[in-house]
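Features of the protein shown, as given by Swiss-Prot:
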- 1-236: domain 'ABC transporter' (DOMAIN)
- Gly34, His35, Ser36, Gly37, Ser38, Gly39, Lys40, Thr41: ATP binding site (BINDING)
- 298-363: domain 'Mop' (DOMAIN)
Amino acid sequence: MTASIVAHLKLARDDFTLDVNLHLPGRGISALFGHSGSGKTSCLRCLAGLERAASAYIEVNGEVWEDSTRGYFQAPHLRPVGYVFQEASLFPHLSVRGNLTFGWRRVAPAERKVSLDQACQLLGIGHLLDRRPATLSGGEAQRVGIARALLSSPRLLLMDEPLAALDSPRKREILPFLERLHDELDIPLIYVSHAQDEVARLADHLVLLEQGRAIASGPIGETLARLDLSLAQGDDAGVVFEGRVVGHDPHYGLLDLRLPGSSGPLLRITHAAQVMGSTLRVKVQARDVSLALAADSASSILNRLPVRVRESCPAANPAHVLVSLDAGGNALLARITRFSADQLGLHTGQILFAQIKSVALLG
């Protein structure tokens, strides 16, 4: 059976109703994304059992945690969940080591998924073990909080805007550690955020919430490229790719990335040498993609890809058009002027060349 997380939740309050049907991958990072008040935290609290929905069915990789039709509700302390809040909320009277081992000692040795040494290595906190929480920076405290959640040996890790209370330098400090959790641990993670840059960098699967409803859910690359969603209308609209390193030009400092799919195109980016076959995540902004009827070999633009027009729609700025493109099975977005669209004779199914002016490496 395919690993998956299923949650059907209905929760009514005086001023808010949550009504979602979630089907998420049972591994990797799934992001719940939306504005404040859209229902992101309510979803997490229901999954953890901290909020009891009027109607609920929750199943995590084959194990039922809640089924209101049968009157079954697994108590919060019995759910194998690690919960990371905006604030680390460490025990102030214990050292970092004491905070980490508090829950870990209560897990049977045979059930432990992560060792103390492994958690310290993953989060880079080995040098903090003898410190008290009051002496930690915000970023250090949050890393300790994440390690503490891991050491409870959860089957599901929930993170509720773990970077929201941190300034930009501390956010940049923690993001690489979250990427390591994704790469090195086989624990599914549901990540709540309203920051699109965090989601683009971390998530494999994206759920867009609006007013208590899940209006979109799918792989992050495809979901970011949907023209019917508000995500495509923002100034930072774009798509995310995970490319495999297939070449390196040390003279010019260029990497060749092969995008997914049997006919996945090649992207060239400026970057130091990487291990051949390794995977890198990149983002291409819609504003950095122009379209042409033919490949221009005289251009200084490195990346010129043959593409097929999927669809187009008006952009938020009435002078522009958003264009959804297929690049060898990969979704790509372009934002061009209406004048340019008319000059190209833009239509569905048309074969064009996408000229990508900039590719941003995430991480």
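Placement of Cβ uses the backbone N, Cα and C atoms for every residue, glycine included.
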Residues near Ser38 (ATP binding site) by Cβ (under 8 Å) yet at least 6 apart in sequence within the same chain, in sequence order, are Leu209, Glu210, Gln211, Gly212
Lowest 10 Å Cβ neighbour count of the binding-site residues Ser36, Thr41 is held by Ser36
Cβ atoms other than its own within 10 Å of the Cβ of Gly34 (ATP binding site), all chains, total 22
Mean pLDDT across the domain 'ABC transporter' (1-236) comes out at 93
Counting other C-beta atoms within 10 angstroms, the emptiest spot among the binding-site residues His35, Lys40 is His35
Here the binding-site residues are Gly37, Gly39; the one whose Cβ sees the most other Cβ atoms within 10 Å is Gly39
Its residues classified by DSSP, the domain 'Mop' (298-363) shows 7 helix, 37 strand, 22 coil
Three-class DSSP assignment, Lys40 (ATP binding site), comes back as helix
